[in-house]
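What TrEMBL records for 17-442 is domain 'Ammonium transporter AmtB-like'. Per TrEMBL, the feature transmembrane segment maps to 16-37, 49-72, 103-121, 128-149, 169-192, 213-230, 309-329, 341-359, 387-415.
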Amino acid sequence: MEDPWEKSVTYSLNTIFLLFSAYLVFVMQIGFAMLCAGSVRAKNAVNIMLTNVVDAVVGSISFYLFGFAFAFGSGSNSNPFIGTNLFALSGIPNDTYDYSFYLYQWAFAIAVAGITSGSIAERTQFSAYLVFSFFLAGFVYPVVVHWLWSSDGWLSIGSSNLFLGSGAIDFAGSGVVHMVGGVAGFWGSLILGPRVGRFDAFGKPVPFRGHNASLVVLGTFLLWFGWFGFNPGSFEKILVSYPDTSDEGNWTSTGRTAVVTTLAGSTAGLITLFGRRLIIGHWDAIDVCNGLLGGFVAITSGCSVVEPWAAIICGFVSAWVLIGLNIMALKLNYDDPLEAAQLHAGCGAWGLIFTGLFAKEKFVIQVCDRGVTGVSRPFGLLLGGGWALIGAQIVELLAILVWVSITMGPMFYVLHKLKLLRISKDVELTGLDISTHGGAAYTHHDDDFPSSFADFIRLRDNES
């Protein structure tokens, strides 16, 4: 039996692990801010950075007041759809949750609103961000969290009544976090419509390149760094040993999860690099960064239950999912400045399906049952695990798509009808920084160098 001192040390080390993971996930907010700032035009840089700050602070208040309760509240009135207690952290800490767990979940919640912000950038009224951030982080996202990550949730792998005898595995949130943010962003961008001048009179896309590739690359690396808290940190406890072995526990699983995450993202980045080179004729840094992030998004669901070789497959497919969805978006005159809907919703959906195909039984038991021997769990279809897990993954995908659509779609539509969503054409052409935020992000200089690949081609041809 574990003595009080040993129990105290174990609890302390697990708390340190979870808090450190929360800090890493919070670093992703800096990554989002830099990625967004670099991906928009210079005249809107202040606006998009401010909206990232607003997403974080407004989401913090709504998740504290309502979100955590809707996500993890349980008790005598518990139900599989939504939590019913712990509002404003009343009753925290308790036997199940403490403040470090809340902080970790909070870092996830504010990331969701940051995803959506990218889809509606450069043409949205600032007040609209206040509304959707509060609603998304305080209600829409937490309900999905309850379905998957609460022991009462109807899709949870920890439920006493497993859906399809399996439950859905969404370990760190390809669906819970990324699909929710991406689908919400899709509806916002669709209802807003394209930016002025994004498509010409014949419906052909006009390039609107982001103004600072350096910020995009910096943001991408910060997000990569934060993902090591996002995925491995989702084990929540590191000092958990597996009874069927003397040298394995959560400490080995977290390491494997970090490796799997890196391999999926790197593969996706590499495939995007060469894939886009074949399509557009040059090496594009921003495309590679988005491809890299798409690989991370896809592996987030199954990062703890797949082998490293499977991560290569995940990243390979996610790159083509993103490339294909971006081509389709342009053909349909859909305008998403950061490719957020395609990246987070599209690659997140692939991640859920991938988990249902490649989850390894041994790893599933480690995640769900702490490696207990003699336990059987549904696992990946392509590894011989049957249809139960893949069926639950597809149901999760559809449930998230429907839930976010019937909540965020009408909210954006109401804001649009009340004329609270889109800025005027004059303001959009001028830029939000000067017209709304008191000044530009940079001192303007006229630079005598090409601003786009097309300009380079024209200058090269003129000189020859």
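Glycine residues also receive a Cβ, built from the backbone N, Cα and C atoms like all the rest.
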Stretch contact, the transmembrane segment (341-359) with the transmembrane segment (169-192), Cβ-Cβ under 8 Å, 3+ pairs: yes
Stretch among 16-37, 49-72, 169-192, 387-415 sharing the most Cβ pairs under 8 Å with the transmembrane segment (128-149): 49-72
Remote residues contacting the transmembrane segment (169-192) - C-beta distance under 8 A, at least 6 residues beyond either end: 108, 111-120, 123-124, 132, 136, 140-141, 144-145, 148-149, 157, 230-231, 233-234, 297-305, 334-336, 340-349, 351-352, 355-356, 359, 364, 367, 389, 392-393, 396-397, 400-401, 404-405, 408-409, 412-413, 416, 421-422
Segment-level pLDDT (mean, integer) for the domain 'Ammonium transporter AmtB-like' (17-442): 94
